[in-house]
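Only one structure is covered here, and it is reproduced in the block below.
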């Protein structure tokens, strides 16, 4: 690829992903006002000494990730960087329901024959009900969910307190763990003031029987599984990087104790750097390295190219996009949801990996929750208590139709739980290969792909195909994750890290991944890129094409193409300094308090 083509591709990535908002560090609003920052690049003891020596305050440290959280002023940040330490803004993360709009409507949920425009429950719209009727409901598998919490249960005395912020609910051999990362006092019950976590949990676990016509199945995808619910998003559906990293650290720490096999992350944050350089992504990579199957929402910032959010841009994990189910389309066919984020990632990988129903997913919300009163959720003519095992919520909840890749990710996490009940010895890499290898590609009437690989990945996840599949091959073959987790102190040494296979031709406006070309599209208009759709058919066996070793120095990284040296895209000196001539520059970035967003 020549320099001109690299310039075109980088511009599309830059504009779509808003890299300038938070690369490396965020500039404090005032020189003397301390900000919460993440520090890496030395042993924890050396980090602490360096932070204290410049007058900063260490708030906490993560030994597993060799990361410190500290209060630092702008001059103190500069002093630490001069010593070779890496400093990042403790930026924001939010639920992935934010930003997804799909005309919410209020109708009765139930069989199609009962209403000309019905809404359908998660197990029905995904086809998981068929698997449930075989007796596969996730039993014996533990799924962790990091989100905004869980509503209060009707018998809080059933909680067995583990510590001041952790409680356990037992029902026979089944259990539910509730961990509140935000509580400052001893908890007496679960809570979810925002509501997103309730909707995600119910999508996974709601044990309430479906209405007449759907006998033998439940509302949720995997109602028989055990769950570990970690409240980390606040009443506005947001959290800092450090809070989510702490939640992931807690999940990894207790993975053996609770036999956690799946981690659902229905949240999103801005991409601030190559996947391997981002502290949040490093935590996610550690979870995958521990054998946990991590499922993340692709993001609700589509349909433009290069809009995959963190941590879904981590190449190892399962990143999920959203479709609008056929029942909600006039022509009776599935379509890609307009809000669903598209690839390639900043490191040229194909994402999302798969797609599944994400629009108008029916599950309950607490009546007094922020999300229920926001107007972004469609009220459904259904009211009941959320059920799991013999647990019920303290109040009846209204059911709402929510749209977003958050809901899609939860559905895929549930399907992974079903698969693990059926084949408990599968590794996370084998699970990823099974999902992508059995997915159904959206095609046109002439057999051509209806959407590019950067929009639909391998295609739609079909639960019966996943369960009936026999492939035991592994994804991520040839990629060395433990080595990828090592970020060298030498900025010119990026040999541990990888780039995907996406190439871009600015003359023809064509993205190519390996051997497949989709023309005239990602850089021009969504409509010409996506084309139309008709049916889901066939399979798509590759998950992300090929990859290569990262080229160039991370101190001069310029999006996907680190060797491009034009003034528009040059990073000079460190991740915290923009040296090009773009409007956001002059050596600093804008303040970005940061937050994680749920889909």
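Using N, Cα and C of the backbone, Cβ positions are placed for all residues, glycine too.
Just so it is clear, the model here is predicted, and its values are computed rather than measured.
What TrEMBL records for this protein:
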SIGNAL    1-26  signal peptide
DOMAIN    138-453  domain 'Peptidase S8/S53'
ACT_SITE  147  active site, charge relay system
ACT_SITE  196  active site, charge relay system
ACT_SITE  406  active site, charge relay system
Lowest local Cβ density (other Cβ within 10 Å) among active-site residues: 196, 406: 196
All-chain count of other Cβ atoms within 10 Å of residue 147 (active site, charge relay system): 32
Distance from residue 406 (active site, charge relay system) back to residue 147 (active site, charge relay system), taken between C-alpha atoms, in Å: 10
Residue pair residue 406 (active site, charge relay system), residue 196 (active site, charge relay system) - Cα distance, angstrom, rounded: 9
